[in-house]
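Novice: Please read through the structure below; I'll follow up with questions.
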Number of protein chains: 4
Amino acid sequence: MRIVFIGDVMGPIGQEMLTDYLPKIKAKFRPQLTIVNGENIANGKGITRALYKLILTSGADVVTMGNHTFDKDELYDFIDDANKLIRPANYPANYTPGKGFVLIKVNQITVGVINLQGRVFLDAIDDPFAKFEEIYAEIKDQCQYIFVDFHAETTSEKLGFAWSVDGRVSAVVGTHTHVQTNDARILPAGTAYLTDAGMTGPYNEILGMTKGKVIERFHTHRPVRFETPAQGPGQINGCVIDFSEQTNQAKHIELIHISPDHPFID
Amino acid sequence: MRIVFIGDVMGPIGQEMLTDYLPKIKAKFRPQLTIVNGENIANGKGITRALYKLILTSGADVVTMGNHTFDKDELYDFIDDANKLIRPANYPANYTPGKGFVLIKVNQITVGVINLQGRVFLDAIDDPFAKFEEIYAEIKDQCQYIFVDFHAETTSEKLGFAWSVDGRVSAVVGTHTHVQTNDARILPAGTAYLTDAGMTGPYNEILGMTKGKVIERFHTHRPVRFETPAQGPGQINGCVIDFSEQTNQAKHIELIHISPDHPFID
Amino acid sequence: MRIVFIGDVMGPIGQEMLTDYLPKIKAKFRPQLTIVNGENIANGKGITRALYKLILTSGADVVTMGNHTFDKDELYDFIDDANKLIRPANYPANYTPGKGFVLIKVNQITVGVINLQGRVFLDAIDDPFAKFEEIYAEIKDQCQYIFVDFHAETTSEKLGFAWSVDGRVSAVVGTHTHVQTNDARILPAGTAYLTDAGMTGPYNEILGMTKGKVIERFHTHRPVRFETPAQGPGQINGCVIDFSEQTNQAKHIELIHISPDHPFID
Amino acid sequence: MRIVFIGDVMGPIGQEMLTDYLPKIKAKFRPQLTIVNGENIANGKGITRALYKLILTSGADVVTMGNHTFDKDELYDFIDDANKLIRPANYPANYTPGKGFVLIKVNQITVGVINLQGRVFLDAIDDPFAKFEEIYAEIKDQCQYIFVDFHAETTSEKLGFAWSVDGRVSAVVGTHTHVQTNDARILPAGTAYLTDAGMTGPYNEILGMTKGKVIERFHTHRPVRFETPAQGPGQINGCVIDFSEQTNQAKHIELIHISPDHPFID
Ligand SMILES: [Fe+2]
Ligand SMILES: [Fe+2]
Ligand SMILES: [Fe+2]
Ligand SMILES: [Fe+2]
Ligand SMILES: [Fe+2]
Ligand SMILES: [Fe+2]
Ligand SMILES: [Fe+2]
Ligand SMILES: [Fe+2]
């Protein structure tokens, strides 16, 4: 089993990088399952139906989200039909449309994909540690593999989660900071881990937003409208993970980073 | 000019990794200048006189700090004599002992080393962007190179700072998250950049603190005493940067990461 | 039915104010039920067995807590036997000793007392809005009156909660900011409301902590050890609420504030 | 000398309460100086030229602001001509239009009015404690009285500031939480103090925003557009402070709170 994961796609440049490179990445790595975080694909804030479809036609099997899930009201129109889209599972159960995990059949094998969101320096939604246990109890006997996109700000919450589930989950990959970390590893009990996959979007901006605006806010501390630029060089970030068919444990995790400084190599 | 930077040294295992590997790293890369972040060297919180000396005898020329600078009261006893120790320059000028930058002579060349601290999700000290401009105006004519350890939580504040100073500063290396990022690059106007150098300490813990305690806090949300373990495998993280003697611009930046999964290679 | 509530008791001066004035307040108002917030009674941080008993012998029937509940380890020794002590009900159920509400018999009448904690600018524990609904479903048929101590930082979370439960709960009184608010009122459906009861402790300090230390932290942004002073004038803050025996709705809410500027009047 | 201060005016209902009651309040108390916080007057977010004029024609001599100062872009068009409008003085000096204090001549007497903003749980602008010292050194010899609107979230930062300036400033009145506190007092060295003046706007909403929307956000944690209602009962909050002409110290501070539960009394 091989899974490719691509981090937060940001605005028009992110869309372009995804449609250009995801097919090439898939041709190179030939994953059985491809997962893309789409929380920022619509100008940095949320997702539309057309962009959800764009991610799927680019080659994704599952779309994960994060704290920007509901930024575009349009999502309410199609989230119930969006079978391949999951939003953080620990949004309040009684109030939140959509679902927090999905089981995907790959040949004879079932992979559970879970989306969770951290709470440190983010909104106080439900406990991601507790919500995981709930979902895990429900799906563990139905899945050979479980992949978690843990969307969070701090390294400690992501690492805390990963060490809590080591050996029970196939892989924990973090998202949200938009910068790829260099700590990909296999934890002792067999869980693949990466603190942050990084983002897919502009290479010469900040978070994927026009850098002049971000810097203006740091200088002035006044309201500034952030924008996702439509021009300029792009990057695509993610990882590819291999799992043993015998033990279902992770065998190998490798970073994907393509940018002007690191061109794609076949 | 070649500079080696080593990220936040955490507790006893961090001390051991530093004394074991910094000499080897220096022998391998032969830097003209070596900088080590020491804000966590004393059981995760601050620094003592003995540990300050340990960093220097391990091979560092400058010790930078961060939000944990003043956790050990003992620092007040020796900070005025600690010529090689700098703390974030943007602590309030009227109240803070110590200094925020230092000029180091390397052969005929002067390197300015500045320590700054971000404010997003950290304490609201003085403006690091404004404080940089102040220091830069003061030292730019006295230095051939300027190195900044920008100690901050978010990727946006670090990137915002780096893009603000691109071409004026030789290198901006981030610290504080304790996880190394994979975005080392040379910005267009010649500044070397890395969002986070990562930390030096335990390999199988969280932030360098015993992982069971960190996880206990996420589960219980009650007070938990964090500890730096004394046993277990270690890691050392940092980077090495080369600068052109002609233009003083950065030519190359490379990550240093040594751990059981990535053994040191001569 | 008349209930007296006294806000967060801070350290030695708070203890003294409580033992001096609570008997006088009770003699004056003759409440059927007296509730005291004790989260800060032990030098600002938590509670001990002796101080729990002190609150009860001063005249309290129930002791509520807050974010400082577990600051003193000694609480673990007696929380299971402390029938009159409740801690915020929305700490994680699987991990937290003690209980979050209590039913008290007053003559023939049962009063439910619930302690909840907000999450805005406080730790991300479980959802206080959802936890209330759970407890309410469980106890509503067993109680004539329900009193909630909602321990939170912001006015919006306290008001949001109160308006959510208006008519279902007899009274919502806020704690945590240590400053009494002047917005006591009866909401349209009959719930008595006060954003913050204020604290019981030093009159000439900040939050009940020695003011020089608090100011030093604002000036220096360095670690400062806060202390609860043992000397100096005190204040006691709270409120008294009357309920209709016919409708069980609140009829009247009145502030209690005793300090050198506002001496106790019989 | 008598000063009337009115807290944050919120949207249409706040405008109505101000135009209806400020003339009556002035007729009753006959202050020499009237100050109104206008940061929320335009639908909760910022101020327009027309609304700035409305505040002045209602009877204010000075308009103070807060963290919402720059929410309406229109302010940039007239801030340089708005002689009676001050925004928090501790916004970055090099980048912020407008001014942070103003000297007002009342008969032969000069009153300095300063606007400052706290940083705890608010944006990290410049140090309000340090900025005050700077302004104080500049104006103290030109003013008989100094009034500070300290716009901040926490009671500790407001109290910390007030105790820092006791005896040097005539009055410190807090704003921002939109709930009036009940701790008006004269500090030992003669400074009048009130943690929060409260707001001027809807009586049956939250923060002055439609309560259903605020509650929806607490329930769902999804994006919700907040609105200032145009219908419904209102409240106006503030205080009136008397100063000795001999010593310039505060002699008396009294709360102003008018609402359906507390009708205006001549
Ligand atoms: Fe994102
Ligand atoms: Fe995100
Ligand atoms: Fe650190
Ligand atoms: Fe740090
Ligand atoms: Fe308290
Ligand atoms: Fe509290
Ligand atoms: Fe306001
Ligand atoms: Fe405000």
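Keep in mind that glycine also has a Cβ here, set from the backbone N, Cα and C atoms.
No curator has checked TrEMBL annotations; they are predicted automatically.
Take a look at what TrEMBL says about it:
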type: ACT_SITE; residues: B:HIS68; note: active site, proton donor
type: BINDING; residues: B:ASP8, B:GLU39, B:ASN40, B:HIS178; note: Fe cation 1 binding site
type: BINDING; residues: B:GLU39, B:ASN67, B:HIS151, B:HIS176; note: Fe cation 2 binding site
Novice: Between B:GLU39 (Fe cation 1 binding site) and B:ASN67 (Fe cation 2 binding site), how many Å separate their Cα atoms?
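Specialist: Rounded to a whole number, the Cα-Cα distance is 7 Å.
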Novice: Using the recorded Fe cation 1 site (B:ASP8, B:GLU39, B:ASN40, B:HIS178) as reference, state which further residues of the same chain have their Cβ within 8 Å of the centre of those residues' Cβ atoms, listed in sequence order.
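Specialist: Once B:ASP8, B:GLU39, B:ASN40, B:HIS178 are set aside, the remaining close residues are B:GLY7, B:VAL9, B:MET10, B:ASN37, B:ILE41, B:GLY44, B:GLY66, B:HIS68, B:THR175, B:HIS176, B:MET199, B:GLY201, B:GLY208.
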Novice: Distance check, please: Cα of B:ASN67 (Fe cation 2 binding site) against Cα of B:ASP8 (Fe cation 1 binding site), rounded to an integer number of angstrom.
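Specialist: Pair distance, Cα basis, whole Å: 11 Å.
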Novice: Just the number: how many Å between the Cα atoms of B:HIS176 (Fe cation 2 binding site) and B:HIS68 (active site, proton donor)?
Specialist: 10
Novice: Under 8 Å, Cβ to Cβ, against chain A: pull out the ones among the recorded positions B:ASP8, B:HIS68, B:HIS178 that qualify, in sequence order.
Specialist: B:HIS178
Novice: If you count CB neighbours within 10 Å, which one among the recorded positions B:HIS68, B:HIS176 has the smallest count?
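Specialist: B:HIS68, out of the recorded positions B:HIS68, B:HIS176, has the fewest neighbouring Cβ atoms within 10 Å.
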Novice: Can you list, in sequence order, the residues of the same chain other than B:GLU39, B:ASN67, B:HIS151, B:HIS176 whose CB lies within 8 Å of the CB centroid of the Fe cation 2 site?
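Specialist: Surrounding the site, in chain order, are B:ASP8, B:ASN37, B:MET65, B:GLY66, B:HIS68, B:THR69, B:PRO88, B:GLN117, B:LEU122, B:ALA152, B:THR175.
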Novice: Tell me which residues of the chain lie with their Cβ under 8 angstroms from that of B:ASN40 (Fe cation 1 binding site), as long as they are six or more apart in sequence?
Specialist: B:ASP8, B:VAL9, B:MET10, B:GLY11, B:GLY14, B:GLY46, B:HIS68, B:MET199, B:GLY201, B:GLY208, B:THR228
Novice: On a count of neighbouring CB atoms within 10 A, which of the binding-site residues B:ASP8, B:GLU39, B:ASN67, B:HIS151, B:HIS178 is highest?
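Specialist: Output for this query is B:ASP8.
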Novice: Can you grab the distance from B:HIS178 (Fe cation 1 binding site) over to B:HIS151 (Fe cation 2 binding site)? Cα atoms, rounded to a whole Å.
Specialist: 10
Novice: Near ligand 4, meaning Cβ under 6 Å from any of its atoms: which of the binding-site residues B:ASN40, B:ASN67, B:HIS176, B:HIS178 fit that description?
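Specialist: From B:ASN40, B:ASN67, B:HIS176, B:HIS178, counting a Cβ under 6 Å from ligand 4 as near, the near ones are B:ASN67, B:HIS176.
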Novice: Can you go through the binding-site residues B:ASN67, B:HIS151, B:HIS176 and pick out those with a C-beta less than 6 angstroms from ligand 3?
Specialist: B:HIS176
